[in-house]
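Below: one structure, written as structure tokens.
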Amino acid sequence: MVIEEWKKCGIATKFPTYRNSKLVTVESWLKGKRVDDEAEGLWRINDGIYDFTDFIEKHPGGEFWIRETRGTDITEAFEAHHLTSAPSKMIEKYKVRDAVKPRIYTLTMHENGFYKTLKRRVAEKLKTIDNSPKQRSDLIHLGLLVSIFLFAIASARLNSLLFLALAGTALVWTCVTAHNYFHRRDNWRMYTFNLSMLNFCSWRVSHAMSHHIYPNSYLDLELSMFEPLLCWIPNPHIKSMMMRYVSWITEPFAYAIAFFLQMATRIYYSLTHTNIMYWHDLIPLTIPLSIYLGSDWPLMLCLRQWLYMTAIASFAFCVIGLNAAHHDPAIYHEGDANREDRDWGLFQVDTIIDRGDLKKSQFLVLTHFGDHALHHLFPTLDHGILPQLYPILYQTLDEFKGELRECNHIEHILGQHKQLLRIKPNLKPPGSK
């Protein structure tokens, strides 16, 4: 029943294989995508099959993006991560043939459509844009990074709950700010994301390749990884009454253990399947080590303080992230009616209600996933320069009958809890009168 209903409203012609996995992980998502995508074991962009094997080590953005996507359709990811036409011309020498079967994804990127029109205008604007806010972003990130260790050491030396809370806050803000950097070519700042026990490599898949490309759909790994604790898909066949109401009770617990659960899942998968751990998974240990070296506490107390601090950060991360933009009964979720214009960019806007209460502060935007719609549309751009693109975004939305909605954080929290309870799909397509 779920599959039949999905065929009517989904953004793809196949039900994603990974949703049937016993353990939903980044690896099961990639494995399922390689089964589903009709990429013929290579890389697919639109209706072309490309062999980027010899390009992996040459890719300016880093090897990871190309290596991990082998065997998949990367059309939308390729378009969203490259703003000029140069990459499209460059990859032609790697094309080996036309695809045998049509794409399974129903979203479009027509040259005269919303996204491609907006993209051309943004590319032109970037030639004259003020780039100084990028330096401010870097300073904010560096300040937060240093404050983690200062507050952590102070929490032990002074035995202070206040400094423990400040250390946890600095950790979550550093983690969210580091998200500004792992969408781009490899850089040292992306490694600071790992201080949270999360891993930027895994998040480049679950967040950049899955959530950013297919938000609020069955293909969105950030939805399915929370099930059955939390389920936002409005479908009674996968969200029982118990799941709907118990989720309000389990939600705080899920928030507090989210960081630990991600690490535990990756360790378990590495022990039972294939190793997916990296050397940089050891980065979180620099926090208890700094506490140990900077105080007279024994090692076990330092580890305990670190775990408390990480739990605070985990809880705050979920409060910020899950109430940032995507979950409200008025927002498109899998099963809701799609707009007639299936443009990928309009689909992104339909899955977002931005937080208008953040826009006056670059610090709040960086630390609270602000300017969300523009970030989804152009993920490689620094958050600091996104505000300069709003006039172009509003102009293009008006031309294509789109709408950028806004609300504050409290309204998002209320909407997210309503979405946890919702089981009836919206029959009115976005953009309809």
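Think of each number as a place in line: the chain as shown, counted from 1.
Backbone N, Cα and C define each Cβ position, glycine as well.
Worth saying up front: this structure is predicted, and the values here are computed from it rather than measured.
Under the heading domain 'Cytochrome b5 heme-binding', TrEMBL lists 36-100. Across the range of the domain 'Cytochrome b5 heme-binding' (36-100), the DSSP-based residue counts are 29 helix, 11 strand, 25 coil.
Counting only same-chain residues 6+ beyond the ends of the transmembrane segment (139-156), those with a CB under 8 A from a CB of the stretch are 163-164, 166-167, 170-171, 173-174, 177-178, 180-181, 189, 192, 195, 286-287, 290-291, 294-295, 297, 301-302, 305-306, 309, 362-363, 366-367. As annotated by TrEMBL, transmembrane segment applies to 139-156 (among others).
The transmembrane segment annotation in TrEMBL covers 162-182 (among others).
Remote same-chain partners of the transmembrane segment (245-264), defined as residues 6 or more beyond its termini with a Cβ less than 8 Å from a stretch Cβ, comprise 196-199, 202, 226, 229-231, 281, 310-311, 313-315, 317-319, 322, 417, 420-421. What TrEMBL records for 245-264 (among others) is transmembrane segment.
Positions annotated as transmembrane segment by TrEMBL: 306-325 (among others).
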